[in-house]
Amino acid sequence: MQTILAVDDAKDTLMLLEFDLQAEGYQVLTANDGASALSILENENVDMLLLDLYMPGISGLDTLKAIRENQDLINLPVIMLSASDDEDEIVSALEFGAHDYVTKPYIAKVLLARIRNALRLKEKTMKLENLAKTDFLTEVNNKGEFEHQALKSISQMSRINHNLVIAMLDIDHFKAVNDTYGHDAGDIVLKHFAKELTKTFRDYDIIGRVGGEEFAVCMPNTAQLDGYSACERFRVALENLIIDIGNDQTLSITASIGVASAQHIDGGYDFSRLMHLADQFLYQAKEQSRNKVVSHATPIMESEVNQQIESDIMANESDEKYAGIDYQVGVNNVLGDENLFKEILKMFYDDHHQDGANIQTAISNADQSRLKHLVHTLKGVACSIGAMQLFEKTKELDVAVNEGNTGSYQSLFDNVAHELERVIGGIKSELDIR
Ligand SMILES: Nc1nc2c(ncn2[C@@H]2O[C@H](COP(=O)(O)OP(=O)(O)OP(=O)(O)O)[C@@H](O)[C@H]2O)c(=O)[nH]1
């Protein structure tokens with residue numbers, strides 16, 4: 001049942017409104033002045049408001065202004081009731097966001113028709129707004145809405161000094177699912193993946209699809225280990241999920257997950273930093289074995305190594321011995337063996353110093369499969385050697401290539417080329433390569 005709040009200082013009008021609206025099947029709340037109306041709106045679920053223009057105390061117009069300043073009430077339909085045809089006042093009310101007006105004494109049939117119209121319009125607006133916030137395939141939040149809600153949550157948690165965790169999740173070998181069973185089957189898998197996420201995480205956790213087969217979960221009020229455990233629960237549930245892809249075929253998938261916690265990093269109440277770190281952990285999970293959750297120090301991890309990696313990344317004070325390379329991250333990836341790391345850098349130089357030219361040629365020749373291979377490989381190696389900027393930039397190009405977003409190839413590549421040149425130049429001069 002829909003609820004209408006009627007606000008008027010004239011008791012007889014309120015009684016009449018109550019009678020007419022209840023007869024039409026609406027639930028009716030009443031208030032004698034603007035202040036009581038605002039307090040009812042704070043505490044009750046109201047679908048629409050009938051608001052008298054002339055009232056003692058806060059006028060109808062000021063009440064309307066207060067309502068429109070409240071984000072939660074921004075779409076509340078308001079019909080103004082006015083005793084006279086005071087055109088200027090009515091125009092002001094419409095300018096301040098009233099949907100319609102009715103003059104008193106009102107004609108019940110006309111008022112009811114206008115109420116129905118306003119409610120229909122509100123429903124349509126809400127549907128459209130929901131569509132704009134939702135990923136059409138999986139029905140979880142889309143990237144923009146995820147970011148919007150996560151930012152809000154981060155600022156709340158920071159104010160009350162409670163922890164918050166962000167997880168990045170990526171389906172393993174998803175390309176193989178598409179390649180083997182077709183894109184439609186891939187879509188079914190994505191839907192099941194999202195459904196499993198909504199089943200595993202709490203109602204107030206924020207779930208979003210942030211890339212093709214990449215999802216994120218923002219968990220407010222959550223300790224790092226609890227966030228880790230929730231992801232581990234999800235990982236196991238997913239591993240055991242049998243997905244029916246039609247035509248009597250079923251398949252199973254796994255995911256790699258990175259979990260970053262606000263209170264484990266300096267200045268951690270920051271959306272980009274949390275996402276960035278969760279992404280780094282996710283990448284480590286991919287590198288290590290896939291079907292794995294990686295986070296800050298956890299019981300199953302080499303805690304010191306990972307803490308070191310994390311603080312190095314977040315302090316963003318990479319040891320610039322090699323330009324563009326976080327030396328500690330790179331060395332830690334080969335378990336601290338500096339000589340081995342030098343050899344790996346030399347190999348990186350040999351194998352990839354031509355990548356800039358090769359990628360440019362692949363773009364110019366529209367050679368999609370060569371481009372895909374080159375970019376995907378460069379992305380992986382950049383992360384292994386601790387070239388984090390290069391990794392980030394190549395990843396952006398990789399996403400565009402996977403999505404076939406040809407219009408952005410050149411500009412994304414220009415960023416990669418610039419960073420690649422810096423990294424290659426650094427290795428060349430430090431290792432004295434001629
Ligand atoms: N079916 C379907 N596929 C998608 C969608 N969005 C992205 N993809 C595909 O997701 C795949 C992602 O593949 P990659 O980034 O190579 O990664 P992967 O195969 O999952 O391998 P790893 O992440 O390294 O385990 C690409 O083939 C994309 O085409 C979508 O909406 N539907």
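Including glycine, each Cβ sits where the backbone N, Cα and C put it.
All TrEMBL annotations are machine predictions without curation.
Lifted from TrEMBL, the feature list:
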DOMAIN    3-119  domain 'Response regulatory'
MOD_RES   ASP52  4-aspartylphosphate
DOMAIN    162-298  domain 'GGDEF'
DOMAIN    337-434  domain 'HPt'
MOD_RES   HIS376  phosphohistidine
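DSSP assigns ASP52 (4-aspartylphosphate) to a strand segment in the three-state reduction.
Summed and averaged per residue, pLDDT over the domain 'GGDEF' (162-298) gives 94. Within the domain 'GGDEF' (162-298), the DSSP-based counts of helix, strand and coil residues read 63 helix, 35 strand, 39 coil. In terms of DSSP helix, strand and coil, the domain 'Response regulatory' (3-119) has 56 helix, 24 strand, 37 coil. Of the listed modified residues ASP52, HIS376, the Cβ environment within 10 Å is emptiest of other Cβ atoms at HIS376.
Summarised by DSSP class, the composition of the domain 'HPt' (337-434) is 83 helix, 0 strand, 15 coil.
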